[in-house]
Amino acid sequence: MSTAETTASGIGPVEGAPLFDVDNPAPLIEAPRARTKKTPKSTRGNFEMYGWLFMRLSGIVLVVLVLGHLLIQLVLDGGVSKIGFAFVAGRWASPFWQVWDLLMLWLAMLHGANGLRTVINDYAERANTRLWLKGLLYTATVFTILLGTLVIFTFDPNIR
Amino acid sequence: MPAGTLYRGREGMWSWVAHRVTGVLIFFFLFVHVLDTALVRVSPEDYDKVVATYKTPIVGLLEYGLVAAILFHALNGLRVIAVDFWSKGPRYQKQMLWSVVGIWVVLMIGAIYPVLGHAARELFGS
């Protein structure tokens, strides 16, 4: 047994003769998670990452929209005492406030629904409980968004 | 529960708890608020009747609580964004929380008169 040859293979003399060399190469072992032609492009999408990003982006916009809303409704011009049908009619006469309220409705509802989805996932331990709670959540969210959108778009100041 | 194993994560954990609680409260109010606003499609009288309950002293107090929840959630949300996107955010998360609490206290003191003033006039006359 020649020790001079074994040093090149990286296997020391203690392990004995090298099993593989240039003429007898080791079989190629495929990486355990290597992509093959059969693997789908992606096993799961990036939904949770987009949800995470949406919470932060919508959060920044909502800080402006909601704090502005609170300032107008509760602080300026007599606070809560001036709110009434006439006040709503006055504001929704302007497309600016219609868009403001519409954007606030959609972003706040989706931001809140995604937040509650996280809370349900965290605390409801049985799969069935999660399914029902999220079903209820999504139903209530879709209903409220559609109702609010309908009200903003079909508002009629001369209803009476 | 075995003694001495309760996780107490200090500022980081409690701000997370407060963010959750305020978030859920605000979301439930939002449902009610869209429904009450939808009454403008029914009739001006029905809308004004429901809005009148918003002007009672007890609901006025609840509005102050809502403002407290929204202001904390908004300010702490900006802190969370800073922790996530600012390279030094995690290092200064505690200082940022105490800044949030400080700004929140100042704004809440500022909101006493505008938000609770109406309730006080209802109760004690103007």
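A Cβ is built for glycine as well, from the same backbone N, Cα and C atoms used for every other residue.
Automated prediction, rather than curation, is the source of TrEMBL annotations.
For the transmembrane segment (B:21-42), the residues of the chain that approach it from at least six positions outside its boundaries are 50-51, 66, 69-70, 72-73, judged by C-beta separation under 8 angstroms. Among the features that TrEMBL reports, transmembrane segment is placed at B:21-42 (among others).
The annotation transmembrane segment is assigned in TrEMBL to B:54-75 (among others).
Same-chain residues lying 6 or more positions outside the transmembrane segment (B:96-116) and placing a CB less than 8 Å from one of its CB atoms are 11-12, 15, 60-61, 63-64, 67-68, 71-72, 75-76, 78-79, 82-83, 89. For B:96-116 (among others), the entry in TrEMBL reads transmembrane segment.
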Spatial neighbours of the transmembrane segment (B:54-75) far in sequence, C-beta under 8 Å, 6+ residues away: 18-19, 22-23, 25-26, 29, 100, 103-104, 107-108, 111-112, 115-116, 118-120, 122-123
